[in-house]
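Take a look at the structure below.
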Ligand SMILES: Nc1ccn([C@@H]2O[C@H](COP(=O)(O)OP(=O)(O)OP(=O)(O)O)[C@@H](O)[C@H]2O)c(=O)n1
Ligand SMILES: C[C@](O)(CO)[C@H](O)COP(=O)(O)O
């Protein structure tokens, strides 16, 4: 299987932005700029790992920006963007990626569409970058502002990130480029003779370079949102035990539920519904049942993680609804506590969580009391 790692570079000092705190740590819609960029990659179903490159002085900022995303240790960057990327590539070599996506931490509005187009471009090329055509007339002028020439714009494109490459070739190209200065990774790849294709970028995928860019980004977040609705479904079979775990509460019963984690069927369905709202695959992709770390795990971790991804994208959970399907135990007496605990895990208001239960009138596997099923619907508002 192809392994793809996203490398998000955020070690710059933001000299054109100015101020005490580098731009990637500034607030954008209630969370640091970098948080938005990291969350977009953490949520993408084709990205297997995300690593950030930061300035060693910024560790405190990073810990806030990356909280709950389960990323690895950040990598220390260098004096230029090119140095930071090379150091990042050398550090992630141990992950043995086939593909790498290099992204500016200062581009918070990268979305799954752009990431997907870059990855599609890598099927037939050793590099792919998102870009937009230049529409304005281009002038070259000296320091006095006097025009020296009009530059033909035909065939000119504005390069964005993430820039995607076959990993071994890009690592070699970056190591060969030491001593030269290029402003993007496609330029480094071009020098090494790699074939790099342009794919469609996005006007939203702006880079925050100046304070005016941050103001525009904030205004975009304030626009009416993009409402997403998705469902989740899960089943666990009964096994020996004296309780089942539903919405993180131990409910006494004459059997337990079998599973790799704590088998919390309700939270698993809710987690999948939330991941569905951001097209982030399913719970098994983020927390594989083959991974011993999740053996017996508290499923609150999975739900909180899905909430963190939505939060990182600037999104808001509007409503959650789950139906637990079983003959026994009786869920009704626990509904209010289950809603309260679910809301608490996600940090949302209790009135945004609805817990329901039904039997199947003795029919099917739930009717035969072989297990419990749960189906959930989530409604999420994302910024446009
Ligand atoms: N030594 C550097 C310089 C830049 N970057 C990162 O590369 C991206 C694009 O660079 P740019 O917008 O130029 O950021 P800065 O270098 O911080 O800004 P400036 O050039 O204004 O100082 C940013 O996410 C930035 O943090 C980096 O990781 N290491
Ligand atoms: C990588 C980049 O964002 C593509 O547009 C750009 O080249 C970074 O350049 P900057 O001069 O560091 O802003």
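Glycine is no exception: its Cβ is also placed from the backbone N, Cα and C atoms.
TrEMBL annotations: computationally assigned, not manually curated.
For 234, 235, 236, 260, 261, 282, 283, 284, 358, 359, 360, 361, 365, 368, the entry in TrEMBL reads 4-CDP-2-C-methyl-D-erythritol 2-phosphate binding site. Around the Cβ of residue 260 (site 'Transition state stabilizer'), the number of neighbouring Cβ atoms within 10 Å comes to 16. Residue 260 (site 'Transition state stabilizer') falls outside any helix or strand according to DSSP and counts as coil.
If you look up TrEMBL, you'll see 234, 236, 268 marked as divalent metal cation binding site. For residue 234 (4-CDP-2-C-methyl-D-erythritol 2-phosphate binding site), the same-chain residues that are 6 or more apart in sequence and have a Cβ closer than 8 Å to its Cβ are 265, 268, 269, 272, 373, 374.
TrEMBL lists 227-380 with the feature domain '2-C-methyl-D-erythritol 2,4-cyclodiphosphate synthase'.
Averaged across the region '2-C-methyl-D-erythritol 4-phosphate cytidylyltransferase' (1-227), the predicted model reaches a pLDDT of 96. Positions annotated as region '2-C-methyl-D-erythritol 4-phosphate cytidylyltransferase' by TrEMBL: 1-227.
The region '2-C-methyl-D-erythritol 2,4-cyclodiphosphate synthase' annotation in TrEMBL covers 228-384.
In this structure, residue 16 (site 'Transition state stabilizer') belongs to neither helix nor strand by DSSP; it is coil. Sequence-distant contacts (6 or more apart, same chain, Cβ under 8 Å) of residue 16 (site 'Transition state stabilizer') comprise 209, 210. According to TrEMBL, the site 'Transition state stabilizer' annotation covers 16 (among others).
Annotated site 'Transition state stabilizer' per TrEMBL: 23 (among others), in sequence order. Taking the Cβ of residue 23 (site 'Transition state stabilizer') as reference, residues of its chain lying under 8 Å away and at least six apart in sequence are, in sequence order, 12, 14, 17, 33, 106, 208, 209, 214.
Residues annotated as site 'Positions MEP for the nucleophilic attack' in TrEMBL: 153 (among others). Proximity of residue 153 (site 'Positions MEP for the nucleophilic attack') to non-local residues of its own chain (separation of 6 or more, Cβ distance below 8 Å) is seen for 134, 135, 136, 137, 138, given in sequence order.
The feature site 'Positions MEP for the nucleophilic attack' is assigned by TrEMBL to 207 (among others). Long-range Cβ contacts of residue 207 (site 'Positions MEP for the nucleophilic attack') within its own chain (separation 6+, distance under 8 Å): 104, 106, 107, 160, 161, 213. A coil conformation is recorded for residue 207 (site 'Positions MEP for the nucleophilic attack') in the three-state DSSP classification, outside any helix or strand.
Annotated site 'Transition state stabilizer' per TrEMBL: 260 (among others), in sequence order.
Sequence annotations record features per position, and here TrEMBL assigns site 'Transition state stabilizer' to 359 (among others). DSSP classifies residue 359 (site 'Transition state stabilizer') as coil under the three-state reduction. Around residue 359 (site 'Transition state stabilizer'), a 10 Å sphere centred on its CB holds 14 further CB atoms from the protein chains shown.
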Request  = Using C-alpha atoms only, work out the spacing between residue 261 (4-CDP-2-C-methyl-D-erythritol 2-phosphate binding site) and residue 359 (site 'Transition state stabilizer') and round it to an integer in Å.
outcome  = 25
Remark   = Note: in the chain of residue 358 (4-CDP-2-C-methyl-D-erythritol 2-phosphate binding site), residues six or more apart in sequence with C-beta under 8 angstroms of its C-beta are 323, 324, 325
Query = Are any of the recorded positions 23, 236, 260, 268, 358, 365 near ligand 2, with a Cβ under 6 Å from it, and if so which?
reply = none
Ask   = When you tally the Cβ atoms that lie within 10 Å of each candidate's Cβ, which of the binding-site residues (261, 360) has the highest tally?
value = 261
